[in-house]
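Q: Quick one: structure below, then a few questions.
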Amino acid sequence: MKQYIEIIDVVARQILDSRCFPTVEVEVYLEDGTVGRAAVPSGASTGIYEAVELRDGDKDKYLGKGVEKAVANVNDTIAEEIIGLNVLDQAYIDKTLIELDGTKNKGKLGANAILGVSLAVAQAAANYLGMPLYQYIGGVNAKVLPVPMMNIINGGSHADNSVDIQEFMIMPVGFDCFERAVRACAEVYHALKKTLNSKGYSTGVGDEGGFAPNLKSNAEAIEVILEAIEKAGYEPGKEFFIAIDAASSEYYKDGKYVLEHEGKTLTAAEMVDFFEDWVNKYPIISIEDGMAEEDWEGWKLMTERLGKKVQLVGDDLFVTNTERLKTGIEKGIANSILIKLNQIGTLTETLNAIEMANRAGYTAVVSHRSGETEDTTIADLVVAVNAGQIKTGAPARSERVAKYNQLIRINEELGEVAEYRGRNAFFNLSK
């Protein structure tokens, strides 16, 4: 097998994501006829420090959300630069893409254009070598199946309802294999639907497949989930824990946290009190973006108060960016990073962020976006890097289920080598 296999063509197109907005899909063609394809996700609640997602802004087409400019950047500018390069040299190709753009935030070509190419290159290389993507990226040590962080009640920017907190999730930590954990999550999901129905709540779903009922309070979301866990025959605090994505930057206004639906306006210290009360009352194991992306002091306070008890995940805070993560590590802020490929824009930079987190003793949670496609790259990525946790929505809506199904296939392929760490995925928390 050749050690240098040329890229002979790169083709991008505009396709639709799960929220009915356009996104970029890229195909990379190799000299032997091999093809690699990747589609790029898109977020609803986005951090201000994320790499730039290039949109057309033409209100007459897709409400201004078209990506024809990004597609043209791939087909014209990027293709010309990477045709002839060795598909097996991912780091060099990603470096070429970054330099070709020339901006700090990938605002010239668009992170959606660059990421589509970066991921399609990796997929083409894996296909050429005849190996699964997770093995191509991670090598022989890629064997850890992740604990799912399943979003089963949606609020905030992901739903049109009365809940301020964006995501309420279940984590099946008390099981010894991935497939059994997924089954338990599915059973809790169905039990939750019945529970909501019995209380007269809507069972319509949000962007990520979770239910989006008009609950009486944010806390009621946790309470109905705990009820559903028990109805499904499982024990909260043993087999299942709760994870929350507060997405607090969305309700951070003039230095205060405004929980509109609860009629509360809180200081950073009061917001920490709010979450500490929940942690003491409920089996919560993870809180994402509990403080706003600009509130470093609030983050510091939250980490001091809760950092040994629960996983504190930085999403908008870190945006998969090694510079911001380095600052957080130096300040002793958070203890985990959310990994979103399109926040930074290349596979290589994503892997660098995960490596930095691991060296600092931070966990890494590989994540989808609210606007997804059938692309399953993140399922392979989470196994490739042995991250141990994945956040990819409810066990509903095919763009979410596609990732779980890919993980089920990987689990089967790995066989006895596969590991499911359960509670041990939270290696930096007090037991």
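Backbone N, Cα and C atoms are what each Cβ position is placed from, and that goes for glycine too.
Worth saying up front: this structure is predicted, and the values here are computed from it rather than measured.
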Q: For the Mg(2+) site that Swiss-Prot lists with Asp245, Glu288, give the additional residue from the candidates Asp273, Asp315, Asp316.
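A: The record-listed residue among the candidates is Asp315.
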Q: Taking Swiss-Prot at its word that Lys340, Arg369, Ser370, Lys391 bind (2R)-2-phosphoglycerate, choose the one of Gln166, Gln406 listed for that site.
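A: So the (2R)-2-phosphoglycerate site in Swiss-Prot includes Lys340, Arg369, Ser370, Lys391 plus, from the candidates Gln166, Gln406, Gln166.
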Q: Whose Cβ, among the recorded positions Lys340, Arg369, Lys391, has more other Cβ atoms within 10 Å than any of the rest?
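A: When each Cβ's neighbours within 10 Å are tallied, Lys391 leads.
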Q: Show me the subset of Gln166, Lys340, Arg369, Ser370 whose Cα is within 10 Å of Asp315 (Mg(2+) binding site); these are the recorded positions I mean.
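A: Correct set: Lys340.
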Q: Rounded to an integer, what is the Cα-Cα distance in Å between Lys391 ((2R)-2-phosphoglycerate binding site) and Lys340 (active site, proton acceptor)?
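A: Between the Cα atoms of Lys391 ((2R)-2-phosphoglycerate binding site) and Lys340 (active site, proton acceptor), the distance comes to 10 Å.
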Q: If one measures from the C-alpha of Lys340 (active site, proton acceptor) to the C-alpha of Arg369 ((2R)-2-phosphoglycerate binding site), what distance in angstrom results, rounded to a whole number?
A: 8
Q: Fewest neighbouring Cβ atoms within 10 Å: which of the binding-site residues Gln166, Ser370?
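A: Counting other Cβ atoms within 10 Å of each of the binding-site residues Gln166, Ser370, the minimum falls on Ser370.
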Q: Would you identify the secondary structure of Ser370 ((2R)-2-phosphoglycerate binding site) according to DSSP, in three states?
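A: Reduced to three states, the DSSP call for Ser370 ((2R)-2-phosphoglycerate binding site) is coil.
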Q: If you measure from the Cα of Ser370 ((2R)-2-phosphoglycerate binding site), which of the recorded positions Glu208, Asp245, Glu288 is the nearest?
A: Glu208
